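Taking it in order: structure first as structure tokens, then the write-up.
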Amino acid sequence: MGSRASTLLREEEIEEIKKETGFSHSQITRLYSRFTSLDKGENGTLSREDFQRIPELAINPLGDRIINAFFPEGEDQVNFRGFMRTLAHFRPIEDNEKNKDPIASEPLNSRSNKLLFAFRLYDLDRDDKISRDELLQVLRMMVGVNISDEQLGSIADRTIQEADQNGDNSISFNEFIKVGNFLIFCIFGNMNYYLT
């Protein structure tokens, strides 16, 4: 299957994806092989159902939120390039990659892009702010019944209290940046596992 993947993906496409995402040639061909094995319709795209067949996402409490991140609003299919762009957010950034080219756009896996990606996973209603209810909902997805509702409420209240600078009892993206390290860890803590 690895040879099939490398023959269907043109060398110039690999180079473009490498430049855009920071993945190596071998990572791209390996992920293309994984992509084609998930593409049950063999049409060059993945559906939400294709993603739901990934065991690691099926058992991840945020699996549905992560799957939704692969699909632009109103779309129900994602091609390989879109798949790779989303995966790039999970790729760790290495010191020698930071600011290689000052005119190049910011890498998809930069801290600010990771924060924006994570913010969107928490912002369930897409109103550009995270309410207490949204924060509770995501925290509940992550911990299940292991922590009481009272404890979760306390975590959500404290997080909002620490982040909310304008007093609207929600977290904007700019406020999220201040507390993002905790919240981003909740999302990205073990996501590198999915890339292998």
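Quick reminder: no glycine exception, Cβ is built from N, Cα and C everywhere.
According to TrEMBL, the domain 'EF-hand' annotation covers 26-61, 110-145, 151-186.
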Legend entry - Residue counts (helix, strand, coil, in that order) that DSSP gives for the domain 'EF-hand' (110-145): 24 helix, 3 strand, 9 coil
Inset, instruction - Provide the three-state DSSP residue tally for the domain 'EF-hand' (26-61): helix first, then strand, then coil. - result: 23 helix, 2 strand, 11 coil
Legend entry - Secondary structure tally of the domain 'EF-hand' (151-186) (DSSP, helix then strand then coil): 27 helix, 3 strand, 6 coil
